[in-house]
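**Student:** After the structure tokens below, expect a handful of questions from me.
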Amino acid sequence: MIESWKVDSNKLMKKMNVTEKGLSDEQVLQIREKVGENLLEEAKKKSVLQVFLSQFCDLLVIILIIAAVISAFSENPESTIVIIAVLIMNSILGTVQHIKAEKSLESLKQLSSPSAKIMRNGIKIQIPSKEVVPGDILVLEAGDLIVADGRIINNYSLQVNESSLTGESTNVEKTDKALEGDIPLADRINMVYSGSLVVYGRAEVLVTETGMNTEIGKIAGLMNKAKERKTPLQKSLDQFSGRLAIGIMIISAVVFVLCLIRNVSLIDSLMFAVALAVAAIPEALGSIVTIVQAIGTGRMASENAIIKDLKAVESLGCVSVICSDKTGTLTQNKMTVEKVYVDGDIISPNQLDLKNQLHRDLVYNAILSNDSSIADGKGIGDPTEYALLEMFRNIKVENFRIGNGGCKKFEDSTVENNDFNEKMLNEEDVRRAIPRLQEIPFDSDRKLMSVKCKLHDKETVLTKGALDVLLNRCIKIRKNNQVREISQSDIEEILKVNEKFSNQGLRVLSFAYKEADEDLTIENEKDFIFLGLIAMIDPPREESVEAVQKAKEAGIKTVMITGDHKITAIAIAKKIGIFNDGDLAVTGLELDEMSNEELYEKINRISVYARVSPENKIRIVEAWQKHGNVVSMTGDGVNDAPALKKADIGVAMGITGTEVSKDASSMILADDNFATIIKAVANGRNVYRNIKNAIMFLLSGNMAGILCVLYASIVGLSMPFTAIHLLFINLLTDSLPAIAIGMEPSDDSLLKEKPRNPKEGILTKYFIIKIMLQGALIGIATMSAYYIGLKTNTALATTMAFATLTIARLFHGFNCRGKESIRKLKLKTNPYQIMAFVAGIAFISIVLFVPQLHGLFEIADFTAVNILEILGLAFVPTLIIQIVKEI
Ligand code: ATP
């Protein structure tokens, strides 16, 4: 193995047969053939058998096993076989569920898997990280997740956080020089390692190792850290199941003793206890919750909201504040230069004249202190930056004459030799002719970007950035063909123009330069000569207005947080409906001056934060959370990660977001669109509501069974059902309607309600009372059927009770679809419910009408009248519940 850090990068490239242009497609194929894809092998998953067996490690299942053993000694030993068959079936279902859930998580993970920018065939392209091969040239920028190990070949102030590998949380400054000697991994500062994050600067890196050959791939066990995948809801249901199991055991014991006191035989008493336990255990509950959640996340992914953390699905329903970035999320991020302020005039970009030296220098600045590019008409990089390139490309070329005091090199190398009038202006030619010597990349804290180039044969620093930052650093101005001290009236005029642009919602960039031989450092970003302003429009997304309105109706406050100028931000916020009369707008500086108490007091009224730094975002989240809100915060930059983590739901941008921000978030917007968050909230509320309704359905049905068995044991009746009956209902005829309830589509009413209180669990007192009441209704109908049957004999009583309970629960599925009555919900909106009902009726019909099954299910002979009685009684509870809902 080559110790890449010791070798000169050029030699290494030669050795690996790569040029600066990157690999060719052919080379890539050959290499991939040899080393495979750039993937880390996942931790060994539980085997199918292990998953299957783990299904039996559940208290409720253990109770069922005990029930099976007891049944073996009863008159009806077939029950044992049935219970065991049911347990096995249940475990198979559980296993299938588990594997499916893993798969759907896997595909969600695929959707949010990182990408990498690389050079191939001389072109910079973006590819999924698994396609990177050794020999590729990785292009790293702040915010990137490094996806392979590599040797830095060109370094521009790169700083990397390698904590995932070394545990060291401070950032490492990198170099492209060769290092000597055997140095430990953490000190190989000319190398980057897979899994690290670029926090600052830029670099080109020759990939040396991929996949399992990377350092992180070699650390066995690292990927084995299985993440906690249970959501709060699942945890609280687990807790509930635990309590339920204990409760069941106690009640079963009581019933057993009651029977013994009434001189029921030991085995029959035991069977009563068993029936009760089986009636009470909601066998399908766990898998129903998983299924409904899986359906929900699938639906969200198809609507561009990729859930990374299942917890988010539940929290989404509680969101009461959404803090959203402006650029690209609320706006289209389609920047177009609208106005230019240069030489004291406001002109439109098509009036730019390249023969005017001042204009030309402004344009050079715009394209040289700029990292974006345009390939096949599509911008790559920051939209703010490629708007400047588009402006450049649209400048009329015939205005340009050679040798007008501009950049000689530029003119020599491109213009004279080319038929320039025929050609579109191309920034790449300019960039090649005027190479960059040094640079300080843009960051949203500093709000500036500077490069040093050789212009007019002199080393010149070109800077662009936010006016409020840059103007303070200008000591001179270039105007009327001369450079002079900047006066107060110049400054006032510039600020006035800036305000004018901002009031129109334009995003303003300012430009300045200086000639300087000194090293380009952040400290030296001063003493500039002011050149001009370029203002661009970024129209609000059409959907934003409606989405903000919907959020408002849903009791959710939308807050705009932007790095842009305050006036621009207010202008856009007004257009979208975020900023209303009486609202406040605050800048990052003003926020810094506010105490936490003051912020806490004012926060409800502040709807726009401008010129904020990423640190400000954390304070904003905290202040809202202190008021008891569940906060969603969007972010895209590398510095946004802490705020994204701090928020209850961190939302990263799928298109423009850095890998770092995606890593820190619990949801990714595949389309960067604010409106998608609102859709996700509606979906989140829907998932929660559906789960709640499915639980209501399952538990109220079980409650009916419990009440019947309890009643029979107290009053001294024979058992109304056998264990097999109850298992049949719980596992077969109840599961389908429960899943159908879980598939209830989301509707507008969901966004009319206030956000859910996050502290309130599902099993509230009100919820439990409802379960009891509905269970009692079904129980009464069931016992009525029992008494009708009892007039003939106990066998018919049991048959009628069983059939009535089954069908009543099938009808009850319709009640649990939502708060409203079926008339308002409409039958056709959830066809699955009808299918589930039909299937359930088919199952019970098979049991009732196929004589071969009568022995096993203890079905007695019945008449057509009995059937009508069963149907009638089974329908009564639903009729009553529907009438109550109507009222
Ligand atoms: P949001 O947080 O809503 O996405 P934003 O994109 O406007 O807002 P930043 O990207 O942090 O926030 O930009 C803040 C300011 O920095 C802008 O208003 C602009 O003046 C300046 N700016 C933005 N991009 C660049 C850039 N590439 N080079 C120099 N200055 C820039």
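A Cβ is built for glycine as well, from the same backbone N, Cα and C atoms used for every other residue.
Copied straight from TrEMBL:
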- 3-76: domain 'Cation-transporting P-type ATPase N-terminal' (DOMAIN)
- 51-73: transmembrane segment (TRANSMEM)
- 79-99: transmembrane segment (TRANSMEM)
- 244-264: transmembrane segment (TRANSMEM)
- 270-292: transmembrane segment (TRANSMEM)
- 695-717: transmembrane segment (TRANSMEM)
- 723-742: transmembrane segment (TRANSMEM)
- 763-788: transmembrane segment (TRANSMEM)
- 794-811: transmembrane segment (TRANSMEM)
- 832-850: transmembrane segment (TRANSMEM)
- 862-884: transmembrane segment (TRANSMEM)
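Are these features on the surface or tucked inside, and what touches them?
**Tutor:** Break the domain 'Cation-transporting P-type ATPase N-terminal' (3-76) down by DSSP state and the numbers are 42 helix, 3 strand, 29 coil.
Tertiary neighbourhood of the transmembrane segment (51-73): same-chain residues 79-80, 83-84, 86-87, 90-92, 94-95, 98-99, 241-242, 244-245, 248-249, 267, 270-271, 273-274, 277-278, 281, 283, 723, selected by CB-CB distance under 8 Å and a gap of 6+ residues from either end.
Within the chain, the transmembrane segment (79-99) has long-range Cβ neighbours (under 8 A, six or more residues past its boundaries) at 48, 51-53, 55-56, 61, 64-65, 67-69, 71-72, 278, 283, 286-287, 290-291, 722-724, 727, 731, 856.
Counting same-chain residues at least six beyond the ends of the transmembrane segment (270-292), those with a Cβ under 8 angstroms from any Cβ of the stretch are 60, 63-64, 66-67, 70-71, 73-74, 83, 86, 90, 93-94, 97, 101, 233-234, 237, 241, 244-245, 247-249, 251-253, 255-256, 259, 264, 687, 690-691, 694-695, 698-699, 702, 705-706, 708-710, 712-713, 719, 721-723, 726-727, 730-731, 734-735, 738-739, 742-743.
Sequence-remote contacts of a segment are chain residues at least 6 beyond its ends whose Cβ falls under 8 Å from one of its Cβ atoms, and for the transmembrane segment (723-742) they are 67, 71, 78-79, 82-83, 86, 89-90, 271, 274-275, 278-279, 281-284, 288, 291-292, 295, 690-691, 693-694, 697-698, 701-702, 705, 798, 802, 805-806, 809-810, 812-813, 816-817, 830, 832-833, 835-837, 839-840, 843-844, 847, 856-858.
Outside the transmembrane segment (832-850) by six or more residues, the chain places 728, 732-733, 736-737, 739-741, 743-744, 799, 803, 806-807, 810-811, 813-814, 817, 857, 859, 862 with a CB less than 8 A from a CB of the stretch.
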**Student:** Mind pulling out the one from 695-717, 794-811, 862-884 with the most Cβ pairs under 8 angstroms to the transmembrane segment (763-788)?
**Tutor:** 695-717
**Student:** Using a Cβ cut-off of under 8 Å, list the residues of the same chain at least 6 residues beyond the transmembrane segment (695-717) that approach it.
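**Tutor:** The answer is 237, 251, 255, 258-259, 262, 272, 275-276, 279-282, 284-285, 288-289, 726, 729-730, 734, 737-738, 741, 762, 767, 770-772, 774-779, 782-783, 786, 790, 801, 805, 808-809, 812-813, 815-816.
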**Student:** Can you tell me which parts of the same chain pack against the transmembrane segment (794-811), counting only residues 6+ beyond its ends and a CB-CB cutoff under 8 A?
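**Tutor:** Distal contacts: 701, 704-705, 708, 718-722, 725, 728-729, 733-734, 737, 778, 781-788, 836-837, 840-841, 844, 848, 857-862, 866, 869-871, 873-875, 877-878.
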**Student:** Please give the sequence-distant neighbours of the transmembrane segment (862-884): residues at least 6 beyond its ends with Cβ less than 8 Å from one of its Cβ atoms.
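**Tutor:** Hits for the transmembrane segment (862-884): 774, 777-778, 780-782, 784-785, 788-789, 796, 799-800, 803-804, 806-808, 810-812, 814-815, 821-823, 848.
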